[in-house]
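*Asks:* As listed in Swiss-Prot for this protein:
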ACT_SITE  Cys118  active site, proton donor
BINDING   Lys22, Asn23  phosphoenolpyruvate binding site
BINDING   Arg94, Arg123, Pro124, Ile125, Asp126, Gln127, Asp306, Ile328  UDP-N-acetyl-alpha-D-glucosamine binding site
MOD_RES   Cys118  2-(S-cysteinyl)pyruvic acid O-phosphothioketal
Amino acid sequence: MSKLKITGGNPLFGKVEISGAKNAAVAILPATIMASKGVCTIENTPNIEDVHCIERILNGLGCEIKRQSNSILQIDSTNITKTDANTEDVRKMRASYYLIGALLGRFKKARVELPGGCPIGVRPIDQHIKGFEALGAHVEIEHGAVIVKADKLIGTNIFFDVVSVGATINVMLAATLAEGNTVLENVAKEPHVVDVANFLNSMGANIKGAGTDIIRVTGVKELKGCTYSVIPDQIEAGTYMIATAACGGEVTINNVIPKHLESITAKLIEMGVDVIENGDSVTVKSKGNFKGANIKTQPYPGFPTDVQQPMSTLLTIAKGRSIVNESIWESRFKHVDELKKMGANIKVEGRTAIIDGVPKLTGAIVKATDLRAGAAMVIAGLLAEGDTEILGVEHIDRGYPNIENKFRSLGATIVRL
């Protein structure tokens with residue numbers, strides 16, 4: 001298994017291009033299953049392991065996939081007949097549950113192995129099941145697989161008990177090809193929810209209200225292929241913003257939607273970091289001298305849970321005490337023990353981390369326990385004194401394209417071994 005070696009202490013300067021959004025791509029690609037006519041050309045897809053994993057899954061189901069470049073995929077799902085997704089790729093990747101909504105919508109049946117992904121606590125799919133059943137599907141969980149069947153899907157009103165990105169997207173997928181009108185309430189508003197809705201509409205769906213509290217879906221009889229470009233990745237952008245703040249320097253982060261970054265931008269400015277918005281880019285200027293802040297993760301437009309771990313790393317060297325409350329996922333402090341190896345002063349109580357800033361971190365051998373923890377450890381290595389080796393790089397590769405090359409272009413000393 002490969003690892004990253006980082007010699008810390010270099011300020012970051014230059015420009016970095018942000019790739020397409022992982023969280024959008026891993027839903028849009030399964031949604032191409034629903035196009036019974038024509039070819040879907042998906043542009044600005046990130047060149048990451050999670051996308052490669054979905055490519056393999058779709059191939060196994062009978063989709064014809066042509067990769068035109070590192071960021072453009074052509075997917076022809078017209079001849080797909082298989083509705084049983086049971087490979088190891090399905091089991092290891094959480095976003096494979098979007099196959100359920102896509103297959104149920106088009107074929108009115110699906111069997112999908114229960115998915116995996118990052119080990120960050122209990123991540124149930126009860127709200128997905130509630131939505132599918134409300135549309136008229138029969139749902140069973142048997143031998144580690146979700147089995148859904150329906151004679152037909154009928155639109156209805158569905159109120160989610162909790163705000164769930166996955167359930168919002170999955171039920172929206174199924175409702176797109178249901179009969180009549182579906183109203184989804186207490187839905188997630190994340191940018192990638194809106195992106196999936198926009199993609200479905202480009203295929204011929206009738207979805208209104210994505211990004212608001214209520215999504216209204218008028219069912220259509222079929223969807224057709226289209227050309228669509230995935231939105232920029234707000235989490236990747238936030239990671240480079242935080243890294244620049246931590247290391248000092250000046251970096252312009254291109255191909256972003258600044259509105260999607262507002263909660264991150266506001267927190268960095270509160271800490272004393274300069275952030276300048278310029279159309280489709282943001283520039284971060286930092287002297288490496290900033291104060292602590294309190295963070296509470298919340299659904300969009302609140303502070304994103306996927307940026308909590310990188311931000312926690314920044315706070316380890318901030319002046320004063322910071323309190324981080326993780327309200328979205330339990331067990332998302334697995335990076336803390338690794339940061340402690342580098343000299344961080346952090347105490348975890350339940351879903352809260354109390355961080356007292358220290359003058360510096362020092363290099364150590366650490367591991368990436370999950371995707372965003374991996375990004376946190378890269379930032380820790382960049383800001384630390386001395387050499388850091390990061391094991392478990394496969395987690396990082398799931399969501400960050402060419403992370404070592406991008407940081408190296410900014411002046412970091414980082415290599416893959």
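Going from the start of the chain as shown, residues are counted 1 onward.
Including glycine, each Cβ sits where the backbone N, Cα and C put it.
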*Asks:* What same-chain residues, at least 6 away in sequence, bring their CB to under 8 Å of the CB of Ile125 (UDP-N-acetyl-alpha-D-glucosamine binding site)?
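*Replies:* In sequence order, Tyr97, Leu114, Val146, Gly166, Ala167 meet the Cβ cut-off.
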*Asks:* Check each residue in the chain of Gln127 (UDP-N-acetyl-alpha-D-glucosamine binding site) that is at least six apart in sequence and keep those whose C-beta is under 8 Å from its C-beta; list them in sequence order.
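*Replies:* When sequence neighbours closer than 6 are ignored, Gln127 (UDP-N-acetyl-alpha-D-glucosamine binding site) has Phe160, Asp161, Val162, Ser164, Gly166, Ala167 within Cβ distance under 8 Å.
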*Asks:* If you count other C-beta atoms within 10 angstroms, which of the binding-site residues Asp126, Asp306 is the most crowded?
*Replies:* Asp306
*Asks:* Give the residue from the binding-site residues Lys22, Arg94 that has the most other Cβ atoms within 10 Å of its Cβ, counting over every protein chain displayed.
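*Replies:* Result for the most crowded candidate: Lys22.
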*Asks:* May I ask which residues of the same chain, at least 6 positions away in sequence, place their Cβ under 8 angstroms from the Cβ of Asn23 (phosphoenolpyruvate binding site)?
*Replies:* Val165, Glu190, His192, Asp233, Ile235, Asp306
*Asks:* DSSP on Ile125 (UDP-N-acetyl-alpha-D-glucosamine binding site), three-state: which is it?
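*Replies:* Note: Ile125 (UDP-N-acetyl-alpha-D-glucosamine binding site) is coil by DSSP, not helix or strand.
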*Asks:* If one looks at the chain holding Ile328 (UDP-N-acetyl-alpha-D-glucosamine binding site), which residues at least 6 apart in sequence have a CB under 8 angstroms from its CB?
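*Replies:* Those within reach of Ile328 (UDP-N-acetyl-alpha-D-glucosamine binding site), by Cβ under 8 Å and sequence separation of 6 or more, are Thr297, Gln298, Pro299, Thr305.
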